[in-house]
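For reference, the structure is listed below as structure tokens.
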Amino acid sequence: MKKDDCIFCKLANGEIETNSIYEDELVKVIFDASPASKGHVLILPKNHFDNIYELDDETAAHIFKVATKVAKAYNQVLDFDGLNIVQNNGEAAGQTVFHFHMHIIPRYKNDSVNVTWTPGEATQADIDEIKKKVSSLL
């Protein structure tokens, strides 16, 4: 189902023209309008999901299958040095458009893309608490 006021729904469903490298019944892969690097694309589901928490299993599996296809194709034709696959959920995580989407970002030596962080530490008590709470839900 689409959301009438969602720009990504409109792009994914062809209501707004865009440059696309792949499309099927569930997703469309488009070039990012504000790319982090040469070849940066977004995988957009055609149905509206605000975030990963709303995504159904079929669409989730399909998106990763398409991400793998795109990555393999890019590996054959682009002269890049690495690849990031990024997916943000919520403002605190950097999500700015609230329609689930996955970024595929080719990386080049000395590019300005930054998706690293300073390693932290986890206590065994934190790990045990999360493990106990989450494991029962999976």
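Any Cβ shown, glycine's included, is placed from N, Cα and C.
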Given ranges 9-13, 49-53, 74-78, 99-103, the stretch to which TrEMBL attaches the annotation motif 'Histidine triad motif': 99-103
List of residues, in chain order, with Cβ under 8 A from that of His101 (active site, tele-AMP-histidine intermediate) and at least 6 apart: Phe8, Leu42, Ile43, Leu44, Pro45, Gln87
Summary of DSSP states over the motif 'Histidine triad motif' (99-103), given as helix, strand and coil counts: 0 helix, 2 strand, 3 coil
